């Protein structure tokens, strides 16, 4: 059965529109609906020398496979002009409107998944909206109390206990209650969305050497280890850890792990991006819909040049398609 996926172009001054337009160069097995300003897409296509027919989205028609040379567009009006590579805070609210339209469409079952292009957090905040990222935005919009940020590439999935918070706040944020909820969401989605019957989750410690028996920090002794043991006993989830972050990515562990759970953003993401930058995908777990995204930023210096690497965007779309098809 043909599905309908919605794609957001992200920050209009960045490479998001370039990545979206690149999708028009080939056939796709499902319908792709792009949430963006149609005029902006037409201008960027001309700048890039891409010959594409932009079709108006009609929700009343049945989805059909995406044909090369076309893009279906759900027009969201952009209030100010856009020049590739030049941020304009007057368009900050426009970016949020594209995200809102896509998410609400998924929540109404109009769309089967969201694939998001890169946004610029700074320009949205300068537009007067407190915005820390897609993950938190979609969680608030869908009234989801807690979501889990996962990134994946070939041979590695990593998830986070904390996401976009200052490093100084991480220790207090890693609580038994949060660990219980994060691991529950991670395990459930590995089973339900990734079709892994009995997931094996490897868990990082917080401190260097996972605390070195309390000599380098007591969070492992007081919080992480007892919480993992409680989950093992009560839920039977296969957990290994806490392990030192500088050894958990050893091949002997990764060959067995279905996911690695890190305590904070820069503990695990540098490893994943080194392993698969440009070929990795951001997946939000715990939402009432499927959402994937690129693993990189807006790359303003590449916008409109034709030099943007489409690898991560294609990977995000392919992962979304795989997850949608597993639901069938």
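Heads up, the Cβ atoms here are built off N, Cα and C, so glycines get one too.
Here is what Swiss-Prot says about this protein:
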BINDING   134, 135, 273, 282, 291  substrate binding site
BINDING   164, 209, 265  divalent metal cation binding site
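Residue 265 (divalent metal cation binding site) counts 17 other C-beta atoms within 10 Å of its own C-beta, drawing on all protein chains shown. Fewest other C-beta atoms within 10 Å: among the binding-site residues 134, 164, that description fits 164. There are 24 other CB atoms within 10 A of the CB of residue 282 (substrate binding site), with all protein chains counted. For the binding-site residues 209, 273, 291, counting C-beta atoms within 10 A of each C-beta gives the highest total at 291. Cα-Cα distance from residue 265 (divalent metal cation binding site) to residue 282 (substrate binding site): 13 Å (rounded to the nearest whole number).
Across 134, 135, 273, 282, 291, which the record gives as binding substrate, the greatest C-alpha separation is 19 Å. Between the CA atoms of residue 291 (substrate binding site) and residue 209 (divalent metal cation binding site) there is a gap of 34 Å. Neighbour count (other Cβ atoms within 10 Å of the Cβ, all protein chains): 24 for residue 135 (substrate binding site).
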